[in-house]
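TrEMBL lists 4-86 with the feature domain 'PTS EIIB type-1'. The active site, phosphocysteine intermediate annotation in TrEMBL covers 26. The transmembrane segment feature in TrEMBL is assigned to 107-128, 148-171. Per TrEMBL, the feature domain 'PTS EIIC type-1' maps to 109-191.
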């Protein structure tokens, strides 16, 4: 089944935008927070061609699709534009009483949403710093050489501008203006 057909069937089975508080995706899952979970036939969604399985966790209804989840998400947003970037977030995503467990899960979701977008860049920069240190210890480079200085600056860039990157991703998670938050964070890297 193609992505647009799958998106249409998912929306129909879930109950359309009337039953969706919020929709977003991670690497392999299309995640929904629903107004009424009882209206959703989990078995019918699992039977759809293109759906691997359905998981319910942390107040979320997660449809595991695989690597093409981004395409399916964009088709869902095309069919229901009001669902893009959490425009339905005027209503609370998690219905019911706030417990310690749900608060802790919300905090972990927020933290992972903030750090995940640039985790690869941080890991790459850390590996590059390690390789540069190894090159100095082995005598292949000196700390004063031009090549070392250029590579060190490249590796150090993500860490130097970390407050700006954090401000951007945190603002995206909090659904506030990213450019204002980046401007405020820029004061932290100002010499």
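Glycine too: its Cβ is placed from the backbone N, Cα and C atoms.
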Summarise the domain 'PTS EIIB type-1' (4-86) as counts of helix, strand and coil residues per DSSP.
40 helix, 22 strand, 21 coil
Would you mind giving the whole-number mean pLDDT across the domain 'PTS EIIB type-1' (4-86)?
84
Surrounding residues of the transmembrane segment (148-171) on its own chain - C-beta under 8 Å, 6+ positions past either end:
113-115, 117-118, 121-122, 125-126, 128-129, 132, 135-136, 141-142, 177-178, 180-182, 184-186, 188-189
Around residue 26 (active site, phosphocysteine intermediate), how many other C-beta atoms are within 10 angstroms of its C-beta?
14
Please spell out the DSSP helix, strand and coil residue counts for the domain 'PTS EIIC type-1' (109-191).
70 helix, 0 strand, 13 coil
